[in-house]
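Have a look at the structure below, then the notes.
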């Protein structure tokens, strides 16, 4: 006999679906509007969602090509967007790899080893992570100004300095990976030790292969945080050619000349690396996000 849903349940289902559709529309509308602005003629922030006439001039400029207008004028690319994009990917990729390496080894020590002050160190790391980076900008500038005198490749106006600054944000990732490690039975490592494995071999050959989901999550979160970060990068980087895309895009919004179309094209380009990284690692993402929430 067919089951008949009561009217109240149908109403709840309808309201739920309607709410989800509104939520999806609220997320998609800004993205579609940015794409529409990048395809309009001129540099205007207002207009319809569907352009009257599609123009690729902003995309050509963003990709480094000059644009020739009907009256014979030639507009060269105002900024090196592709170079900024490469700088962003390079800094974010190296930062993410470094954070995964540091967080993993640190979390292993907190999850498997006993030493005095372990709980205090864990809490202290988390407390320091709660302070916004803006509060440390003056100290960071002074620190990297002095470091650059002795180690030039991590001084001011260097990508090494930006990466070195980003590597300090590992506290939350240490907690996340530590929680994941504690869900893995330590008897596996004990069995490896009985077979003659050293602690490093047990960590590398037993624990790490089982921890790929959480490592993928930490890599993605670190990559996104680094590629979209502005305050620290804008403080440490001075030359236009050394900018990341997040910092360089501010050049389009000069109070005397707002290049909204060019800005929109660069903004869409900036989302491509994040999307690719997410698509490549999505099969591990859900497992990793739901597995590290263990009380430690």
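Glycine is no exception: its Cβ is also placed from the backbone N, Cα and C atoms.
Between the listed ranges 61-83, 153-175, Swiss-Prot ties the annotation transmembrane segment to 153-175. Membrane topology of residue 11 relative to residue 193, as recorded in Swiss-Prot: same side.
Here the transmembrane segment (124-143) has long-range neighbours at 156, 165, 169, 171-172, 174-175, 231-232, 235-236, meaning same-chain residues at least 6 beyond its ends whose C-beta is under 8 angstroms from one of its own.
Per DSSP, the topological domain 'Cytoplasmic' (112-123) is made up of 7 helix, 0 strand, 5 coil. Applying DSSP to the topological domain 'Cytoplasmic' (176-204) sorts its residues as follows: 20 helix, 0 strand, 9 coil.
Summarised by DSSP class, the composition of the topological domain 'Periplasmic' (144-152) is 8 helix, 0 strand, 1 coil.
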